[in-house]
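Participant: Marked as L-histidine binding site by TrEMBL: B:81, B:82, B:83, B:111, B:125, B:129, B:255, B:259, B:260. Under the heading domain 'Aminoacyl-transfer RNA synthetases class-II family profile', TrEMBL lists B:30-311.
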């Protein structure tokens, strides 16, 4: 077979066990936090009618939607995000859903983007949202959930930057930026987290803002205070468990202001260089725009691939390369039954156990298998031991081996 | 918006929280059993090159593959099963994988089938296989794993039917069925589990087999014994923990004989009417046929939707409608901070807790919300209680309410 055909498509990935286990660890952890906060799972199909998705993400994005005609002549498209399908769910099932409705969703999405480092054509989105209330308490709950996620994943040093998009509009209105330049100016201000004031100032001046206005703008951004509503969100999220040292009012935060209506926030992990790992905010009009049902909303999307990368970088994944705790080796064909019974016994005690699945392979090769998989314990059920109702237990990290009664094995291994 | 657009595509499904939770429960349970047996996860992309998939499943199946040209002019196709992608993985990564390799895979696949009861265009496949050994011990391990899956999911009454496809060929050879009719005759024999001997006999006679041969065939099928290899698989799987009462040698079992090479088996749940819930066997030549790498294999596919249906039918899902154990209601705006602290405290104790995410909603409506979600406990943080450092705890099943110290709450609820 042509070797090129053995590659996944560009921008798509195979996850061999080591990586698949990391992803599984992260998802399990994230799901328990969602559930600790009373959020419930939702799953929607990979394929939707093309007309549901087209025109919902802007002209540029439309080009990135995988879409085609199916055998039945329907125009269909692969899920591009989880918000549009959820808007469809809200419009279809509004009557039977509890309101406010707190749902999470973790599924792959597909975007025909130019593949580059950290950008893929298939990737997991991981969203949590509260629908059906405009209360600041809901905003605070979403911030507290975001905080709990990273805390529970084991991150120690991360920060939450929070703003109200209206503050930004107030400031640029106050210094009299012409309306037609407001969005462009905000885009420049948003860069202040990674560019110097001088650089952003030059950019603003190039956009036609005079030097004095730029100076006033920067001064105001430094002295502006949270609105009463934002202060309430800050206070409530602290009462909900967010450490005060983590929470930063950041009036320069913009987060692509197209659909957010007030609270916006981002999580950044200290010393993780690839940018924010979570972003969200309040978007009270979007669901109506998408599916003609007037439901206010606040929520976030967690960057799953970045989170995996950061977990790796800070050594937060479990050390074990394999789930397996012990390999029961098979001495020979005559002793396969005994080995099988030992494996069954260990599994019955809840211990992740492999039995080497062949009796025609030399012990030495079985040991190499355990080594390759970094299985910590080996059990040998040899002819002499069987006669004494015992087995040999070997710690593959220390090399130390002892003879054990079968009944003592579970305790020795776990 | 057009209401038709709010429906998922035909053959596709939305899973609202109640169903999504059932699926999540089943997957978690299945994954732990796989891991207890030392199987490791694999994930492959939803999209592959069309040429990898086409011609691999037969002419009829080719028509059911979702395929299209992507924006880059590549012919691509949606995953149709998990065996072909795994064969690609085996061919690409053979050197770095441990051998024997035990992997499981749980992902959606897409098939443009005619939708009908129990048949969908998007559904989960759930496979486990051992690659790289022809040993009967591997066959037994796969049977033992299948048994453990249903046992751990909580099923009490199910049966494993097992056969060696060579037995079937021996029998029909012995009674001298002409070679060109063998596959067709086996297809008829396979129906003996749901049709009477008379019905199958008529079918065979209509296919041109004489009455006497049919009689001999049925007699032989009743007296034939397992081969030595199959007997070994039966013995080893019992030593690996399969209850003898569950295990049935079934010489009439055929399982679409196109690619299986010896052991074949099926799991059926007593009183579950929709057919077998798991099927598998040994397929030593398939991986070579698919991706030109000579690796023997044994494994199974669990029917995920049928398993969910059977779990439902036998009441094996957890009773709770929601993960949430307690709703902390919010008395009014002034007391929102206190309510938030109570919620944070409960969550800190690992208790799944919701805080009603608005302080502008009357207690009565908050109670209705708890009712709708069937949350078992309600906490009210009222003005009088706050002054006494207490809260009201209400059991929503019994209606009984008590005043509790905050520090006593976790114990009372969990």
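Our numbering is plain: 1 for the first residue shown, then up by one each step along the chain.
For all residues, glycine too, the Cβ spot is worked out from N, Cα and C.
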Participant: Looking only at B:81, B:82, B:83, B:111, B:125, B:129, B:255, B:259, B:260, which the record lists for L-histidine, tell me the maximum pairwise CA distance in angstrom.
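Facilitator: Comparing all Cα pairs, the maximum is 22 Å.
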Participant: What residues, ordered by sequence, lie under 8 A Cβ-to-Cβ from residue B:83 (L-histidine binding site) and sit at least six positions away in the same chain?
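Facilitator: B:127, B:286, B:290 - these are the non-local Cβ neighbours of residue B:83 (L-histidine binding site), listed in sequence order.
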Participant: Tell me which residues of the chain lie with their Cβ under 8 angstroms from that of residue B:125 (L-histidine binding site), as long as they are six or more apart in sequence?
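Facilitator: The answer is B:81, B:82, B:105, B:106, B:107, B:108, B:109, B:301, B:304.
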Participant: Among all chains shown, work out which of the binding-site residues B:81, B:260 has the most CB atoms within 10 A of its CB.
Facilitator: B:260
Participant: Would you count the other C-beta atoms found within 10 angstroms of the C-beta of residue B:255 (L-histidine binding site) for me?
Facilitator: 20
Participant: Work out the three-state DSSP category of residue B:125 (L-histidine binding site).
Facilitator: strand
Participant: For residue B:260 (L-histidine binding site), just give me the three-state DSSP call.
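Facilitator: DSSP call for residue B:260 (L-histidine binding site): coil, neither helix nor strand.
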